[in-house]
Amino acid sequence: MNTYVAEIGEIVRSQRRDEEYIEDITERLSRVSKELLGQRTWIRWFPYLKSIASTLYYTSTVVLGNQTLGEEYVHLFESNGLERTVPSIPSRISFVLLHSAFPLISNYLIQKAESTLTHPSTESFLGIPIRKNQKARQSFLDVFFWLRTKLFPQLQRAHIALFYITGAYYSIARRFTGIRFLSASAHSDIPALKVYRFLGYITLIQLAVSIGISLYSFLEQEKFNNKLKKEKKENNGGSDRNLDENSLFHPTFQCSICLENKNPSALFCGHLFCWTCIQEHAVAATSSASTSSARCPQCRLEFQPRDVTPLLNL
C-alpha cells in the first residue's frame, strides 16, 4: 500500500477526534468513581481523571501497536519519522508517558512544592532557609507560579505554531519520540496548508508580543516595588519589616480538592476552593474544544475562570 506524508488538516482532525473520545472516557470515569468512591474521594481525584483517561486510551491503542480511533477516521498510520517503519515499543511507551503522565506528575510536584512553601512551619526549601526569610519564600513561589502559568503554556503555544508552519509533530511528546504520521490518501489541500502556515506565523507574533508585554510589566512592577520599599524605609526610619508568616495561609479554611488552607476563593454557588485548584480546573475545562465553561467540582454549576472570587479577608 502506498503511503504519503500526512497533511496538517488530517492530523488536526485525527487529534480532535481522539480528544473527543478521551473526553467521553473521562466523563464515564467521573461518573463511575463518584458512585463507587463517594463525592469526597471523587473531588480529590477529579483533576487527574483526564490524564488517567488519556493514559488508558493511548495505552490500549498506541502502545499495543493499534491505530487510535482518530487515526482510523482519517486513515493515518504512525511512523518512526519518515522511514515508513512502525515505531519501536520503547518509543510508543515513552510517548504515552510524556503525553499523558508527565504533565500530571509535573503539575503534582509543583503543587506539592507550593504547598510546602506556603506552610509556615517549613524551615528550608532546596537547602535555603525560608522560615524567617519571606523574600526567599516568595521568590520560590513566584518561580513556580511562572513555570505553571507562563513557561509551560507559552512553550505549548510555540510548539503548536511550529506545527502549523512545518506540519510535523502535533504534540511535544511526538517531537521527543520522533513519531510522525503517514497517510493513505494522496490528496493535497494547498489552500489549507497556506492558512495553517499563516496561523502559525500569527501565533508566533502573538507569542512574541505576549512575552514582550510580560517582560515590560515585570520591569515596571520591579521599579514600583523598589520605589515602594524606598518610601517605606524613609517612613519607618530605615527599618524593613518582614511579611507576617500567617498571611500565607488561612487556618479556618480547607480546600476540598488539595486539602490545603491557602488562598480561599469562592464560586457563585458558594463552594470554596483554593485559588490554584479551582483556576487550574477551570482552565483545563475551558481549554477543551468540546466545552466553553467549567463546572463546580461539588454541585456541577457552570462557571468561567473570571467568575472565581478570591476571599482576601477570610
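Glycine is no exception: its Cβ is also placed from the backbone N, Cα and C atoms.
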Between 163-208, 255-300, which stretch does Swiss-Prot give the note zinc finger?
255-300
In three-state terms from DSSP, label H271 (Zn(2+) 2 binding site) for me.
coil
Other same-chain positions with a Cβ less than 8 Å from the transmembrane segment (143-166) and lying at least 6 residues past its termini are 8, 106-107, 110, 113-114, 117, 172, 175, 196-197, 199-201, 203-204, 206-207, 210-211, 214
Chain-mates of C255, C258, C274, C277 with C-beta within 8 Å of site centroid, Zn(2+) 1
S256, I257, L259, E260, K262, N263, F273, W275, T276, I278
